[in-house]
């Protein structure tokens, strides 16, 4: 089994930043996927999957990706994760316990199709008999919001003040609409890695949260177990783009999605970024500032605004 | 190639390179096995399965991905026949040794060699319908335009080939896909499902691609019992007999034969007419449309 141990060694050693890619791309995005400091005349760049693109371009590239995946987003989530994403989202929302201390104003960013928003409202209603908690779903992509709106029409929250949909950029929430110190809970699930500048998103989150409010982020993260990581990589790069091809006819978008997972900063680094934005987190261990699910395939990062 | 700065406009090559980069990471196990095999066979080449694409749009697949896509595309083609890309993917993943065989058939004839050398493409930019309408009645060019009018189709761009590793075989596959309409025309069959299936039987007997067999076997499931009976009793015997005895159609350079008489072509290739088919539009209407096109072509300025 020489080849297997070799691949394990490879996954242990491999630099998650851009070392394999550096042979092919001229300017590199850093592992934190914020823009790199490039030579003087070069424009600021960031990563789009394994590619490096100008910063301004990333937003529209991501928009194209989500425009094309929107209609089958939920189907693809179920197909590629075998439905496990539902478990992750359930665990995520349960750990937040929305409604426990009375009605909350929540903002769910990059929440397009409304998975988290629906779970928050259901949790508040079922566990705490709370019908005053409200969620504002914010997404930069209109198509995804449309899908969310459609889904909410099938629920009891449609046409109530408990749910509303807004098209806005997480890095730059309009201050007229999203005032300072307003929300008790800010959630962003599987969205932050698609943003061009993570620190900007964290800064906005800090602005709109009330003091004492919680920032919670569910995201794909680093798998540290080498065996699991090998299997996970093989699955991600082999099966997921093919499922995208077969189910939606769009391989490129799903290739981008799996690549963007690899470019996202690992848990300690992201926890540090959260602290730098002004949040207070737990210690830098699993169970402290973050909590791994399924070995790190998904991970919940939490912070409290001081 | 390695020193270009990424820009979204030149992304297609880089996209495939980045795909390959991700594959390098993910396929290291498979790569090792391949490398060992190649080293033991004294092959100097360092090419592995997961490497830079051989042509634009090439997506290299290892055996598992190939099998996965074959099954997935088969299921999807049946579930949603409008997914042309899935039918194309099915053809490519199941082609196997049939493409080298077709390529060798092309190499054996002078006309086929010419096709492989010049690699003509068939799409709306390379086929000028107005020009073809000018040919005399009874010629292949005129017959083709009439057939297009009658069926209400255009020589639109077919899905490009992605999953064939050898560029020459990829071209053979592309050529087969693009000549499909010519086969319709020379056998005088319309585009409804039952005639498409008859043509698939014909293509299987003539060219031997596994995908034609798969379509032929599973396609009739979607027909009404009456149409299915007609297909099996009348068209399939014709298709198998005619396709089996005719010259291999992949070797025909259709674009060189616009002015040739259709009956002469059919005699040369060994094609006999199928049982009479029911068309969407009557021949008179199609002929009128073709004549109208000819007249408007006389007044247009963007020719010759």
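Note: Cβ is positioned from N, Cα and C throughout, glycine not excepted.
TrEMBL does not curate its annotations; it predicts them automatically.
Per TrEMBL, these features apply:
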BINDING   A:113, A:139, A:169, A:170  S-adenosyl-L-methionine binding site
COMPBIAS  A:39-49  compositional bias 'Polar residues'
REGION    A:23-50  region 'Disordered'
Across the record's S-adenosyl-L-methionine-binding residues A:113, A:139, A:169, A:170, the largest CA-CA distance in angstrom? 16
Coarse DSSP state, helix versus strand versus coil, of residue A:113 (S-adenosyl-L-methionine binding site): coil
Please identify, from the binding-site residues A:113, A:169, the residue with the sparsest Cβ neighbourhood, meaning fewest other Cβ atoms within 10 angstroms. A:169
Report the same-chain neighbours of residue A:139 (S-adenosyl-L-methionine binding site): residues 6+ apart in sequence with Cβ closer than 8 Å to its Cβ, ordered by sequence. A:109, A:110, A:111, A:112, A:145, A:148, A:165, A:166, A:167, A:168, A:191
If you run the three-state DSSP split on residue A:169 (S-adenosyl-L-methionine binding site), which class comes out? coil
Would you mind pulling the DSSP three-state label for residue A:139 (S-adenosyl-L-methionine binding site)? strand
Distant-in-sequence Cβ neighbours of residue A:170 (S-adenosyl-L-methionine binding site), under 8 Å, six or more positions away: A:109, A:110, A:138, A:140, A:188, A:191, A:192, A:195, A:201, A:204
